[in-house]
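One structure below.
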Amino acid sequence: MLSALGCPKSRGGCPDQRQPEEWEMEKSVQGPPGQPGGSRLVGGSYPQKNAEILSSQYGINLFLAGLLLMFAWAVHAVGIRKQDLLSYLITIMLIQLLWMLWYICRSYTQRRLIQEKDTHAGARWLKCGITLFAVITLILDSFKIGYFIGFSNCLSATEGIFPVTHAVHTLLQVYFLWCHAKDIIQSFKTLERFGVIHSVFTNLLLWTNGVLTESKHQLNEHKERLITLDDQVPECNCTTTLCSIFSQGMYYLYPFNIEYHILASTMLYVLWKNIGRKVEHHHQHKILFKFHGITVGMIFGLIVLISTIAVVVVYLIQMGRSKIKSELALTMFYLYGISVLTLMCATGIVALLIYRLEERSMDNSKNPARKLDADLLVGTASGSWPLSWGSILAIICAQSHPKYTWYNLPYSILVIIEKYIQNLFIIESILREEEKVNDNIKTLRIGTVSSGSTLSLTPSYKEIYTGAADMDNGKFPYMFDGNIYMRERSGGDGFDEVRSQASSPVTHSTSNFSLYSRNSVNNKRRILKNIAAFLFLCNLSLWIPPAFGCRPEYDNGLEEIVFGFEPWIIVVNLAMPFSIFYRMHSAASLFEVSCKT
C-alpha cells in the first residue's frame, strides 16, 4: 500500500500518520528493545497493575489500623484513649486534604492531562444528595465544637481539633467531588492511585467512627431503660447553657453524617477504578426528573412516608413507659412493617413481570459505577440479613412467646424477600440498554394519492416505535397515478430504491398497529415509573426508623434471651449500619430508575 502511494517501505520513508493517543499508548507499553510486540504489551501493563495492587493493600492496612484503634477504645483497652483515636483520624484527614489541594491545583494548571470523563459517574442528583448530607454534617461539627467549648475543662484538645478539621475536610471534599468525580486520570497514575485510595479508606474510617459512636449511644440508651446509667456526660460542670442541646442534638444528626461518608467513599472508589481506563464514547442521554406520569406512585409513597413518621413518633414516645405500652408499640411497628413490605413485594413482582414481557438486551459494558451500584445493593442487603435470620431463629427456639413476638416472624421473612425482589428489579433496571432503533432496519413509508392529493400517510417503523411522525425531512414519497410507491432507505448507503404496488387497505391496519404499539409501550413505561417512585419513597420511609433510634431488635427482648445480651448487641451493631445504608442506596438507585424509565 505504501509503495503504491509513493512512500518507501522503510521506517523513515513516510511520515507516521498515527494519532497522538496511539503514540502515548505505544510509549506506555513499550518494553526493552528486542522483545516481540506481544511481550512489550504484557510487560508494560505490569507497572499499572502493580500500582493498583499496592495502593489497595495500602488502603486496607490504613483501614485495619484505624479499625483496631476503634475496637481497642470501644472495649477500654489499657493505654488506648479516645484522643489517640481522634489523633489518628485527624492525621489521615490532613493527608487527604493535602492530596486534594495538590490535585485541584494540578488540574487547573494542566487541564490537558484530564480529557476523558465517565458519564455514568458523579450524577448530578448524587452530588446534590451528598451536598445535603454534608450540610447537615457541618451542623453536627458545629454542635461538637459547642459541646467542646462547654466542657473544655475536662476534654482533651483533640476533641476540639477533630470537628474543626472534619468541617474543613467536608467542605473541600464536596467541592472536589463536584468538580472531579467524573475524571478519568491518565497522568501521574501511580501517585493518584495512592491518593484516591487513601481518600476512600479515610471516609470509610470516618463512617465507622460515626457508626461506633452512634451505636454506643443507642446501647447506653437501652441500658438506661433497664438500669439507671449515664456514663456519657463528663464528670465536670458545663460552662454554657447549651450543653444539653448540643449533646442530645448530635445523635439525631449522626445518621446523615454516616450516609455522607459512605456516599463519598463510593464516589471516590469509582474515581480510583477509572484511573487509566480507556472508555468507549457513547451518546449519554440527560437524566431528568419529572413529576408528570408518576402521580399515583407519589401519592401512595407519600402516604407511606407520612405513616412512617407517625409510627416512629408514637414508638419513641410509648417505648419504655410501661410493659403494656411497650408491647403495643412493638405490635404497631410490626403490623405497619408487614403492610408496607407486602406492598413493596407486590409492586416489585409486577415490575419484574413487565420486564419479562419485553425483549431488551442488558448492558454488559465494564463500567465501574454500574458494577459498584449492583455490588453495593447485594453486599449491603447480605450484611443486613443476619438481623432477620437472628429474629427468625429466636422465635423458633424460644421457650415462651409473648403475643407480639409472633408478628416479628412474618416481618422478618418479608424483609428478606422484599430486598431480594427489589435487588432484582433495580439491578435489571440500571443494566438494561437504552431504548433505540436498530439502524439496519429499513424504513418503510406508504402513501396513497387520489386526484393529486394525499389521502393517508403511515409512519415508518421508527416512527411507530418512538411516536414521532415526520415526512422524511419535508419530502413526500414518490406517488403517481393513484398507485402506492414504497421508498426503502437502507440505513447508510444514501441510495433510494423505489417500487410500485397496487393500492390496498394495508394503510389503515398499519396505522392501527402503530397506535396500539405506542400505547402499549407508554402504558408499560408509566407503570414502571410509578412503581419506581413508590419504591423510592418506601425506601426513604424504611430508612427513618433505624436511623432515628427505632430499634425493635433491642426492645422486644426475645433475641436477647436466646442469644444472650452481649452477642446479640454485637450482631445488631454490625448489621444495622448495612441495613440503614441499603435503604438510602436503594432510594438513590430507584430515583435514577424513575428518571431513566
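Numbering starts at 1 and runs along the chain as displayed.
Every residue, even glycine, has its Cβ placed from backbone N, Cα and C.
Quick look at what TrEMBL annotates:
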REGION    1-41  region 'Disordered'
COMPBIAS  18-27  compositional bias 'Basic and acidic residues'
TRANSMEM  58-79  transmembrane segment
TRANSMEM  85-104  transmembrane segment
TRANSMEM  125-149  transmembrane segment
TRANSMEM  161-178  transmembrane segment
TRANSMEM  251-272  transmembrane segment
TRANSMEM  293-317  transmembrane segment
TRANSMEM  333-355  transmembrane segment
TRANSMEM  527-549  transmembrane segment
TRANSMEM  561-582  transmembrane segment
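Of the Cβ pairs linking the transmembrane segment (251-272) with the transmembrane segment (293-317) and spaced 6 or more residues apart, fewer than 3 are under 8 Å, so the two regions do not touch.
Tertiary neighbourhood of the transmembrane segment (125-149): same-chain residues 155, 159-160, 162-164, 166-167, 170-171, 173-174, 177-178, 181, 239-240, 242-243, 246-247, 249-250, 253-254, 256-257, 259-260, 263-264, 267, 287, 289, 588, 591-592, 595, selected by CB-CB distance under 8 Å and a gap of 6+ residues from either end. The transmembrane segment (293-317) is in contact with the transmembrane segment (527-549), judged by 3+ CB-CB distances under 8 Å for residue pairs 6 or more apart in sequence.
Sequence-distant contacts of the transmembrane segment (85-104) (same chain, six or more residues past either end, CB-CB distance under 8 Å): 62, 65-66, 69-70, 73, 156, 158-159, 161-162, 165-166, 168-169, 172-173, 175-176, 179-180, 192, 195, 198-199, 202, 205-206, 209. Only residues 6 or more beyond the boundaries of the transmembrane segment (561-582), in the same chain, are considered here, and those with a CB under 8 A from a CB of the stretch are 211, 215, 219, 255, 258-259, 262, 377, 379-387, 390, 393-394, 397-398, 419, 543, 546-547, 551, 553-554.
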